[in-house]
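Quick notes on the structure that follows.
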Amino acid sequence: MAEKRFGVIGYALAPKKQNSFIRDSLVSLAKSRGIELVRVDSDKPLADQGPFDCVLHKLYGDDWKRQLQEFHTLYPNAVILDAPEAIERLHNRISMLQVVSELRIEDRPETFGIPKQIVIYDKATLLDPQAWESLKFPVIAKPLVADGSAKSHKMALVFTRDALNKLKPPIVLQEFVNHGGVIFKVYVVGEHVRCVKRKSLPDVSDEEKALGGVSEDLMSFSQVSNLATVNDCDGYYRLMHLDDDTEMPPDAFVVDIAGGLRRALKLNLFNFDVIRDARYGNRYLIIDINYFPGYAKMPGYEAVLTQFFCEVMLKKKQQEEQQQEEGNAPKEKEESLQA
């Protein structure tokens with residue numbers, strides 16, 4: 001008996017992303033639910049391929065945006081995950097976190113926000129003490145652009161004002177907040193939300209702050225998500241997983257934040273990093289938001305993504321049926337009048 005075909009999803013991903021995300025385990029599980037995952041050939045126009053019920057992508061550039069628009073014109077009912085315009089908001093570390101201020105979560109004891117931060121566009125501003133005098137050191141220096149490139153992941157913990165001249169603008173200076181050396185990574189897949197805890201930068205004591213760091217006034221570090229390669233992803237998870245009794249944020253609180261971000265950003269596939277401010281027991285700070293993160297690092301990602309794909313296909317089918325009914329209604333009325 002032939003397998004029931006629910007939908008075809010074309011995926012357009014960079015080679016590294018494809019290798020880490022499109023695993024045999026995901027392809028097999030999706031196929032068992034009637035979802036076929038098909039690679040988009042980057043050497044051919046998207047509009048000449050398929051047809052696809054959905055395009056799952058993480059490619060950038062004007063040419064790719066044009067291809068998506070042409071595909072949408074040909075197949076207006078096809079689902080694009082996600083809209084390039086919505087994704088681009090996350091490419092700027094200032095605009096990505098501005099959305100947090102738009103959230104309204106009521107009737108909860110927990111509070112949330114973002115660390116104090118400023119953007120420095122040029123060297124002259126960087127060397128002007130008045131530009132950053134409101135910040136308390138240490139600060140984390142991050143490139144303003146967050147486009148997934150290796151350059152965008154180059155960050156540093158800056159302990160002293162004198163170390164600022166080692167940085168290259170445009171950058172964002174974000175106050176470092178002690179958080180117990182634990183970061184909570186919240187994965188969002190449509191309405192599915194999964195929160196895991198990972199090791200983070202250790203707290204900085206008052207003595208270390210006074211001395212300007214342990215041994216250096218500026219300490220470079222790699223973003224945690226870049227530590228793993230495809231081959232050592234499982235080892236990465238074991239390394240970064242915390243077996244201690246660190247308390248997780250309340251599930252309902254995390255789900256509320258995730259839902260608010262999903263609606264405000266108009267995105268389905270992203271994760272956000274949260275820390276618990278060590279100065280307050282129930283104060284949480286969102287420090288980063290990433291589009292289409294490394295879902296393979298999330299335990300059981302295959303089941304979550306497959307269920308999401310099925311939900312996307314079901315919603316698409318329901319919308320098409322509704323459109324068909326609305327399109328037939330005037331015709332049926334006209335025929336009844338003629339009779």
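Residue numbering: from 1, along the chain as shown.
Just so you know, glycine gets a Cβ as well, placed from its N, Cα and C.
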Listed co-binder of ATP (same site as ARG93, LYS142, GLN174, VAL177, SER200, ILE287, ASP288, ASN290, source Swiss-Prot) among HIS153, HIS192: HIS153
Residue from LYS58, LYS65 that Swiss-Prot also lists as binding 1D-myo-inositol 6-phosphate with LYS16, GLY148, HIS153, LYS185, TYR187, ASN271, ASN290, GLY294, LYS297: LYS58
Sparsest-packed among the binding-site residues, when each Cβ's other Cβ atoms within 10 Å are tallied, from ASN271, ASN290: ASN290
Integer Å distance between the CA atoms belonging to ASN290 (ATP binding site) and ASN271 (1D-myo-inositol 6-phosphate binding site): 5
Assigned conformation of ASP273 (Mg(2+) 1 binding site) - DSSP reduced to three states: strand
When distances run from the Cα of HIS153 (ATP binding site) to each of the binding-site residues LYS16, LYS185, ASP273, ASP288, GLY294, the nearest one: ASP288
VAL177, ILE287 as binding-site residues, winner by CB count within 10 A: ILE287
LYS16 (1D-myo-inositol 6-phosphate binding site) - helix vs strand vs coil (DSSP): helix
Candidate binding-site residues LYS16, LYS185, GLY294, pick with smallest Cα gap to ILE287 (ATP binding site): LYS185
